[in-house]
Amino acid sequence: MSAENQEELLDYSDSEEIAVPTTTQAGEGESANDKEADKKGSYVGIHATGFRDFLLKPELLRAIGDCGFEHPSEVQQVCIPQSILGTDVLCQAKSGLGKTAVFVLSTLQQLDPVAGEISTLVICHTRELAYQIRNEYARFSKYMPDVKTEVFYGGTPVKRDIEKLKNKDTCPHIVVATPGRLHALVQEKAIRLNNVKSFVIDECDKVLESLDMRRDVQDIFRATPHQKQVMMFSATLSQDIRPVCKKFMQNPLEIYVDDEAKLTLHGLQQYYIKLEEKEKNRKLSDLLDSLEFNQVIIFVKSTQRANELNKLLCACNFPSIAVHSGLPQEERIERYKSFKEFNKRICVSTDVFGRGIDIERINLAINYDLPNEADQYLHRVGRAGRFGTKGLGISFVSTKEDEEVLEKIQSRFDVKITEFPEEGVDPSTYMNT
């Protein structure tokens with residue numbers, strides 16, 4: 001992080017010493033601090049074989065069954081038993097392991113809805129992710145008719161949000177929001193957070209690495225009660241950002257499922273193609289013609305390139321859709337929904353789609369433009385191969401800078417990315433049968 005981001009952070013008390021939390025790799029034996037962990041109710045050794053083992057509310061189990069989920073993922077096995085007890089949680093786990101379900105199920109399990117009182121606050125950095133999290137709450141609370149969830153983000157009329165919050169009948173129990181809009185509502189005294197029991201940040205590294213966003217979050221945090229549960233999740237948590245996250249917590253349970261060198265995704269085939277910039281369009285067309293895929297997401301580095309490439313694909317009879325931050329908010333959401341509902345199979349996007357967005361049919365991710373950072377590569381290709389399914393990631397390498405990023409990716413994630421074979425790849429290696 002840059003020096004300017006090393007701002008003094010909100011803490012509970014200068015004199016309060018934060019005890020060393022239990023930290024472990026999921027699935028490993030007890031750490032050296034096992035005695036201390038026992039005192040706090042360590043999660044070590046708790047491995048549920050089904051969601052019923054978590055003793056969740058019948059309404060939640062019924063909704064989980066409707067979704068077709070039988071067995072919790074590794075991160076869910078580790079997190080849920082402690083998070084439903086109100087323990088603070090800092091969790092890093094690779095894309096596609098169901099981190100969202102951890103905090104959605106945990107907060108719904110603990111929720112006792114009271115009219116006009118906001119009990120759960122979830123903060124995320126993009127509007128699309130906020131929309132998706134709201135939908136997850138709707139999915140898992142379908143048999144809890146008294147529970148109301150609302151999403152608040154910029155680009156929509158703030159008066160509409162204020163009206164919903166003023167009325168006891170429409171005031172939600174669960175708020176999912178982006179930091180800017182939520183901060184504005186707090187400043188206007190339009191939202192009452194004095195009853196918040198759960199404070200969640202998804203993709204917390206992205207939210208807290210920006211100084212402006214972090215200041216907003218600190219102000220929001222101060223408006224909530226001192227005693228509450230704090231949970232933070234991300235696929236990437238650098239050593240620099242972890243202490244920043246823990247400043248908001250009290251004795252958190254720290255869970256790092258796989259260390260930093262092993263954050264690669266199960267079932268994902270990864271390749272690169274060396275070519276000149278002017279050759280990209282022809283190669284992309286060839287790939288879309290020759291590869292089998294359900295849905296594909298193509299990442300570019302700017303909104304202008306997204307629009308241009310989208311026009312080109314449509315002109316070449318590849319019906320695509322573009323999603324990027326340059327679109328009006330309502331249009332962005334409509335396009336996101338259209339792609340998610342399988343109305344289009346090809347999406348051209350900037351990094352607005354690169355984090356947390358979960359569309360289960362995507363099994364091909366193409367980096368038309370490589371990202372500048374290795375971590376962003378993980379979030380991008382993680383759109384394919386979600387929840388342990390197969391997928392294919394292909395990256396175009398056209399400059400010296402691209403070659404350097406590719407080297408960083410392979411070093412950072414301890415993975416060998418090979419050149420895409422001339423004869424192509426067997427669909428069975430990346431398509432689920």
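Any Cβ shown, glycine's included, is placed from N, Cα and C.
Residues annotated as compositional bias 'Acidic residues' in Swiss-Prot: 1-17.
Feature annotation from Swiss-Prot assigns region 'Disordered' to 1-39.
The annotation domain 'Helicase ATP-binding' is assigned in Swiss-Prot to 80-255.
Taken residue by residue with DSSP, Lys94 (ATP binding site) is part of neither helix nor strand, so it is coil. The annotation ATP binding site is assigned in Swiss-Prot to Ala93, Lys94, Ser95, Gly96, Leu97, Gly98, Lys99, Thr100 on the grounds of sequence analysis.
With every protein chain in view, the residue among the binding-site residues Ser95, Thr100 whose Cβ has the most Cβ partners within 10 Å turns out to be Ser95.
In the three-state DSSP scheme, Lys99 (ATP binding site) is classed as helix.
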